[in-house]
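See below for the structure under consideration.
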Amino acid sequence: DKAPLSKSLLLVPSAISILLTLLFQHYQKFFAYNLQAVKEDFQIWRLVCGRTICLDLKDTFCSSLLIYNFRIFERRYGSRKFSSFLLGAWMLSALFDLLLVEITQYIFGITINSLPSGFLGPVFALFVPFYSSIPRVQVTQVLGHFSITNKSLVYILGLQLLTSGSYIWILALSGLISGICYNSSILKVHRILCVPRWVAKIFSWTLEPVFSSTEPTSEVRVGMGATVDIQRQQRMELLDRQIMMSQVAQMRRQRQQQGGMINWNRLFPPLRHRHNANYQDHHPSEQGIPPPTEVSEEQVARLMEMGFSRGDALEALRASNNDLNVATNFLLQH
């Protein structure tokens, strides 16, 4: 949804790559990224065909998964700005490919006649904004020391793509350099290599209706998170809050029937053990229960001024780790 360009880059090159591999193998020579033919025979068209369609299905699969993950930039910045980045990175990486091949031949004496085909330069260039602008959210830990985050899978896919060919490191390096150059405010490349508005409007009228998708109706909009991970985190927090509110309502009904004070410590443990805004379940033993949190008398007085009893105010603040907003929210709504 809201990423028609990413969808077209995911479907069209992948379909052509599969057709060339399975049915039209005799046409693969036209999509080979042959640098010798570009330099000696001036076959400039190979810079377009050879740098668009993958001839290796492993590269097709990995690059498609990466494009699927990088669709977040099109949702954040819009199709025109996203296409401008891809165009700029594609043109810059073509230049850096030729330079790196010449440098490799001059320093190491290695002659490279061809490079792996595909839309690989812009894909590696997208790792630059992915590293700098996408927040890192810890998901879990392996062996207690190695953190698994929401970005780990993307880096693993990039490493898999990097090790799939002998000279693909040249494409990766040229892509990273082009991504840094395009994002740099010093070189001002983004002002020169950009898609004009009239071109963006033409593609918006012609191709966007073909590749656009309807907005999912099964999911409820939550917040205004800039990324999918933030929106998912907000949705988890909302569900967590709804569950605790229903538990509080149930305990208040029991209190009205039986009398006594609500056992807030049974309802709020997740608030004390939340790390990096991720919900984790903890079931400490009775011996490992931490001592009660000291409550600020000033916050107790503020809650009592709202009309709550001192006992409920103490228990709510102690259970919410002196978070006045959380304690007030639950006391007001239940």
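From the backbone N, Cα and C atoms, a Cβ is placed for every residue, glycine too.
Going by TrEMBL, these are the annotated features:
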DOMAIN    294-334  domain 'UBA'
TRANSMEM  6-24  transmembrane segment
TRANSMEM  85-108  transmembrane segment
TRANSMEM  114-132  transmembrane segment
TRANSMEM  153-177  transmembrane segment
Grab the pLDDT values for the domain 'UBA' (294-334) and give me their mean, rounded.
74
Per DSSP, what is the residue count of the domain 'UBA' (294-334) in each of helix, strand and coil?
29 helix, 0 strand, 12 coil
In the same chain, residues at least 6 away from the ends of the transmembrane segment (153-177) whose Cβ sits under 8 Å of its Cβ atoms read 56, 58-59, 62-63, 65-66, 69, 89, 92-93, 96-97, 99-101, 104, 112, 115-116, 120-125, 127-128, 130
